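Student: A single structure is presented below for examination.
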Amino acid sequence: MNGEQSANGARTLPDDAVVVVPVSNVIFPGVVFPIVLDRPSAVAAAQQALREQHPLVLVLQQDVQAPDPGPQSLHRMGTLANVLRYVTGPDGAPHVACQGVERFEIDEWVEGFPFLVARGRRIPEPEAEGAAIEARFLHLRSQALEALQLLPQSPPGELVAAVEGASSPAALADLVAAYLDLQPPEKQQILETIDLEARLDKVSAFLAQRLEVLRLTSEIAQRTRQSLGERQRETLLREQMAAIQRELGEGEREELVELEAAIENAGMPEEVVQQARKELRRLARTPEAAAEYGMVRTYLEWLVELPWGVPEAAPIDLAEARRILDEDHFGLEKIKQRIIEHLAVRRLAPEGKAPILCFVGPPGVGKTSLGQSIARAMHRPFVRVSLGGVHDESEIRGHRRTYVGALPGNIIQAIRKAGRRDCVMMLDEIDKMSAGIHGDPSAALLEVLDPEQNVAFRDNYLAVPFDLSRVVFIATANMLDTIPGPLRDRMEVIQLSGYTAGEKRQIAERYLVRRQLEANGLTAEQVQIEPAALETLIARYTREAGVRSLEREIGRLLRHVAVRFAEGHTEPVRIGPTNLEPILGPPRVENEVAMRTSVPGVATGLAWTPVGGEILFIEATRTPGDGRLILTGQLGEVMRESAQTALSLVKSRAEALGVTPSLFKESDIHIHVPAGATPKDGPSAGVAMTMALISLLTDRTVRSDTAMTGEISLRGLVLPVGGIKEKVVAAATAGVRRVLLPARNRADERDIPEETRQTLELIWLERIEDAIEAGLDPRRGDVRQTQVRAAS
């Protein structure tokens, strides 16, 4: 077998070939070693070997500094190894853990792969028989055990056990050679020594040199310890004197007295009090100059500064809560009502286990500020824990005190910052966490958010239980897809959609302009921004679901005005639509209506993104060919299948549409979805793709004031899709007047803002025929004749 093409287009490895990975150190049989894959070719080699379950051959480079070694710069003898694990390190570099199996000699190289592939033969171990080999085996074992005893630091118990339990002379020689501090060429020399007696002699000779160094090092260390004896004796006498003073009640440090009083007054549970007293006694026995003294003192300070008790909470006033929510946020009526329900349950059952709210929506729609409003309504402190980019479980649970610079996790740190155990804690960007080599932080959050477990949350640093049951947890996320299922199951998801243009104008008038006036040292009497200017700012200078970019643009306008007042201008300034371009420059958002072209083969679709809805143009054209379907625009697998389905549906309806069937065999059809640099996926473009193909093949244009969404089936049914509200709002913002939607999504109509429904005509589709009737411009004359003329 010379290699075949796999399903994904990659060439498979021949059965008698192996993948070769150059390494900078020698890997011996029977030994497990991690390897960093620092070249793209090495990554591709390891991935294909894993995928096809091929072993790797690890071969030493002759020049370890060579950036991309070829066959000529590699040794012929290497080690056949199995890949045990493939992980990505904290630095982003892939790592593999490999276990050597046996020696392997390369005979010839196989070309045609993006990495090194070779053929060769396995080198079996020779028979270990005879008294000479047995004597060398026992001598090498005694040398290795002596070397392990002479090491400055205690060796791992597994290594000692491996030396003592080596089953064969060959295995022992390879194990010792692997851990010897030798240069790579010396290790390669041992690897290439097949004769067992010669190999044992070489390893024993190298180990004997190392033993001499270790013996000399041990003697020097012994003399150093003797010279330090007097100093240690003085330190011991000082410690004894301090102990005598403590027994007599003399010289007690004021700091210890303060800590003892703080422990008694902190309101800690009895278990925690006992632990604190134990650490306090340990602190009293420790000299202040010792490094351990600072660690124990810091630990005790953390214990006494945490809010162990729960103050009596003020009753929740629902009318006040409504006022605060309306004062801080415009719109979001359903969200506010759900928050009021949440607060009502908290008022009636303060000790109850209320659900954990998770606000999901695009950036800038007010997720974090909603949490702050909840804290104001409950009269509790608000703390925010940012989880974006967290990939270490210790960020949640804390580090054990054995580590230098250890601290509690973010949860306990936030509790200390709040100063109250019943605070409102926002877990921000909970969807941005990721698992790393140090554990999965989302798994640690399962305990934090579970009411059955968080009554005794145990931080690794504190090592005592802390009750989190009175904390009001609120989470935020931009999308749900990246939140693990068990974690998502512990939260009640509340979706926040993007704002309409009218809502953005209201928010700007009520909140953003006032906030930016204060930030720039101006007053409403000095500057006025006309409503028409705000509308132009929203439509032509920002494109977002939230209002962050809008606030930045308002800030730019006001900073321009602030310069004028700082230079002595005194007259009030009024900013209208005509003033925007001189200050902000030309509009940065193109008019989507102007981008449309009323030519056959172009349809306007609608898409959902994590930052709101977008309109999507589907372009189709045909060229002479042999019936291929060409798809471009970074389309995902699902979207590609939608295009195939759309083409098959059009082929099946060719006669009814007046399309010559032979046209499909004589032409290539190309579907493109701008922008080409943006990845796209999902089934909701099925109707738009079908309409673009029908428009192309019948020479009838799709109405330029119409956008559409929906999944299509081979039977011509229009299936429901998600994100209806966001898509319809995006269509209205882009100037569309008619929107074609799946009839099975009619229940989502109530989520569409009233002002948007008043400006759009919503047409509900059961089948593709409904879309053809509503979406294509009527043409005079016989469509079949038009198509024949176009084909000719």
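The backbone N, Cα and C atoms fix where each Cβ goes, glycine too.
Found this in Swiss-Prot, in case it helps:
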type	residues	note
DOMAIN	16-211	domain 'Lon N-terminal'
BINDING	G361, P362, P363, G364, V365, G366, K367, T368	ATP binding site
DOMAIN	597-778	domain 'Lon proteolytic'
ACT_SITE	S684	active site
ACT_SITE	K727	active site
Student: If the ATP site is taken as the center of the Cβ atoms of G361, P362, P363, G364, V365, G366, K367, T368, which further residues of that chain fall within 8 Å of it by their Cβ?
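Tutor: My list of surrounding residues reads F359, T476, L496, A545, G546.
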Student: By CA-CA distance, flag whichever of P362, K367, T368 among the binding-site residues is nearest to K727 (active site).
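Tutor: Answer for the nearest of the binding-site residues: P362.
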Student: Just to confirm: which same-chain residues, 6+ apart in sequence, have a Cβ under 8 Å from the Cβ of G366 (ATP binding site)?
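Tutor: Result: H329, L332, L496, G546.
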Student: As a test of the contact definition, list every same-chain residue at least 6 positions from S684 (active site) whose Cβ is closer than 8 Å to its Cβ.
Tutor: G605, L606, A607, W608, T709, G710, E711, V721, G722, G723, K727
Student: Taking every protein chain shown into account, which of the binding-site residues P363, G364, K367, T368 has the largest tally of Cβ atoms within 10 Å of its Cβ?
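Tutor: Max Cβ neighbours within 10 Å, all protein chains included: K367.
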Student: Would you count the other CB atoms within 10 A of the CB of V365 (ATP binding site), including those on all shown protein chains?
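Tutor: 27, counting other Cβ atoms within 10 Å of V365 (ATP binding site).
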